[in-house]
């Protein structure tokens, strides 16, 4: 049987959606693990990661059911939703790769300004730093900082410098991974479109379309 036939398209679409299901479950598991170990306690971050995982899981389940049953309606909506996700994800990934250091500094400054004190203290402990760019690192002035570096020396490195180092690396990795997965979504749209228009050899010939 040549690849491109009904069975091959069905198996490829099922395999792709199984991968999406595993990624969705992984996101949910990582969020729960991070919450359980106390790595991240912000309910907004945890909720956002879990929401993305659940959304991806639902799309994968719809695509898998549509592929197994050759369900025209499910496959149609699967194509539409996956196409919209591709457009959104492709744009975000390109933006991540295009953000320069100056823009990252502005984003970090803005984000730090809207964070709660609890979140700031968690970041200071995690990155072992105190303050951002325009805040003093002297402990007698920065009494709210509870980073471990305060016990080792008289000053700590500013968090902004560490954030920039990690954010630049994270943006490149996130942009690259997002770009890669966005093309798998185009593959999913193409497979679903092709599979919808193929005839099931085991079905009644007169019932096709």
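Using N, Cα and C of the backbone, Cβ positions are placed for all residues, glycine too.
Here is what TrEMBL says about this protein:
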TRANSMEM  12-33  transmembrane segment
TRANSMEM  45-68  transmembrane segment
TRANSMEM  75-100  transmembrane segment
DISULFID  129-159  disulfide bond
DISULFID  130-149  disulfide bond
TRANSMEM  173-193  transmembrane segment
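Spacing of residue 130 (disulfide bond) relative to residue 159 (disulfide bond) is 6 Å (Cα to Cα, whole number). Taking Cβ-Cβ distances under 8 Å and a sequence separation of 6 or more, the neighbours of residue 149 (disulfide bond) in its chain are 128, 129, 130, 156, 157. Over all protein chains present, the Cβ of residue 130 (disulfide bond) has 24 other Cβ atoms lying within 10 Å. The most densely surrounded of the disulfide-bonded residues 129, 159 is 159 (count of other Cβ atoms within 10 A of its Cβ).
Within the same chain, residues 9, 12-13, 16-17, 19-20, 63, 66-67, 75, 78-79, 82-83, 85-86, 89-90, 92-97 sit at least 6 positions outside the transmembrane segment (173-193) and bring their C-beta atoms closer than 8 Å to a C-beta of that stretch.
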